[in-house]
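First up is the structure itself, then whatever we jot down about it.
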Amino acid sequence: MAINAQEISALIKQQIENFKPNFDVTETGVVTYIGDGIARAHGLENAMSGELLNFENGSYGMAQNLESTDVGIIILGDFTDIREGDTIRRTGKIMEVPVGESLIGRVVDPLGRPVDGLGEIHTDKTRPVEAPAPGVMQRKSVSEPLQTGLKAIDALVPIGRGQRELIIGDRQTGKTTIAIDTILNQKDQDMICIYVAIGQKESTVRTQVETLRQYGALDYTIVVTASASQPSPLLFLAPYAGVAMAEEFMYQGKHVLIVYDDLSKQAVAYRELSLLLRRPPGREAFPGDVFYLHSRLLERSAKVSDELGGGSITALPFIETQAGDISAYIATNVISITDGQIFLGDGLFNAGIRPAIDAGSSVSRVGGSAQIKAMKKVAGTLRIDLASYRELEAFTKFGSDLDAATQAKLNRGRRTVEVLKQPVHKPLPVEKQVTILYALTHGFLDTVPVDDIVRFEEEFHAFFDAQHPEILETIRDTKDLPEEAVLDAAITEFLNQSSFQ
């Protein structure tokens, strides 16, 4: 039988082409140190910064320090059963979290795993936790207002969609309450809200979730929680996971409000990780890149251009101060990154002025462009009036005689302070804010006793709802004030019917 060399050659070539190796090549290393949520591994020579690494017990880690001899890894989850000598594998993937509509209404951890006991979250979309912020030409200036429902904020320090507004103050001054009230006010405003709780007690987070559920706000809110009992790596990751979820909606042309409660605890967690990873400490033992920790997070909040869908992420980061010291390291860092700050004063809170917003230290660098026309008209001089009232009030403590003009300013100032007070979880629609502030700035409240202002406001809003809903509708639809004569007549009618004259 003749052997056909060409046939044999063709068969061998075909076999080679069809050959599919069934082995998997992965780079592995050995754990050389484990403790306090940190591991060191030898042998992962090609690991990338931020790469996900897989431990023998199924836990995941994230490469942070790439050194000549080993890799410093933060462990995402339980590290108690990881031992020195265990094998660790590269995955070739960067840390990602699940994103999409199916997360709305759920409470998740920073890895996107549900913690609310309502079953699995079914989504096939993921986004990397670290992503570049939109560039200069991909952004648009902030022009649409984000209504918080709080008179003191919407009138004095307005927030726009796409802005970063820092909320700063001591503990127990009402920071979280402002955030929750703002989320409640986004009902029917076509906004998706993300509340990121960092290093809080689980009981506190539970209370906030129940409040959101009670007022129907969980229907458009995602809660990301890394409680105080969880390892530092999860506290460090939580804000990045939250903003990755927000970016998914922003690039679909939607508007998102994200609250970071609070970034002081994230900075402390990052300091702990950095010291354990043997990075050189700087001021207050924070690592040198603690500014970049927050800047790369907050720069991802933006109003993007129409080519990218015209969506926005509005960020409300929180910083907790010690004894009102806003010149501390982390506080000054975040003040310089954000587009303004709302400072909550301890003294104001204890004096019963709530929300305890210190108008003198608070500022919005977006300002009037984030207000509707009607609000601009009624609140234009409110800030200066309030500041001059505080100054005059300090002088009156000396007990000197006052002229009529000064007395009138003091009287108006006291009524302004009362009008800007607001009960918790009762955000006010912007049209109602405009009517009461109009009455205040046009002198209709000057004869009302200060102690009766709260009751006056309740009856005032009830009167407008019942007798003049068309005025509220005009403000809501046109975003402008109706004719002054119309408003004056309606307020005079209310005063004539009421017992406040």
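Cβ coordinates are placed from backbone N, Cα and C, and glycine is handled just like the others.
The feature ATP binding site is assigned by Swiss-Prot to G169, D170, R171, Q172, T173, G174, K175, T176, with sequence analysis given as support. According to DSSP, T176 (ATP binding site) sits within a helical segment.
Counting every protein chain shown, the number of other Cβ atoms lying within 10 Å of the Cβ of S362 (site 'Required for activity') is 22. Look at Swiss-Prot and you will find S362 tagged as site 'Required for activity'.
Sequence-ordered, the extra residues of this chain that approach the ATP site, with Cβ no more than 8 Å from the Cβ center of G169, D170, R171, Q172, T173, G174, K175, T176, are E320, L344, F349, A356. The Cβ of R171 (ATP binding site) lies under 8 Å from the Cβ of E320, each on the same chain and at least six residues away in sequence. Around G169 (ATP binding site), a 10 Å sphere centred on its CB holds 28 further CB atoms from the protein chains shown. T173 (ATP binding site) sits 15 Å from S362 (site 'Required for activity'), taking the C-alpha atoms as the reference points.
For the binding-site residues Q172, T176, the largest tally of other C-beta atoms within 10 A is found at T176.
Counting only the Cα atoms, the space from K175 (ATP binding site) to S362 (site 'Required for activity') is about 14 angstrom. G174 (ATP binding site) sits 15 Å from S362 (site 'Required for activity'), taking the C-alpha atoms as the reference points.
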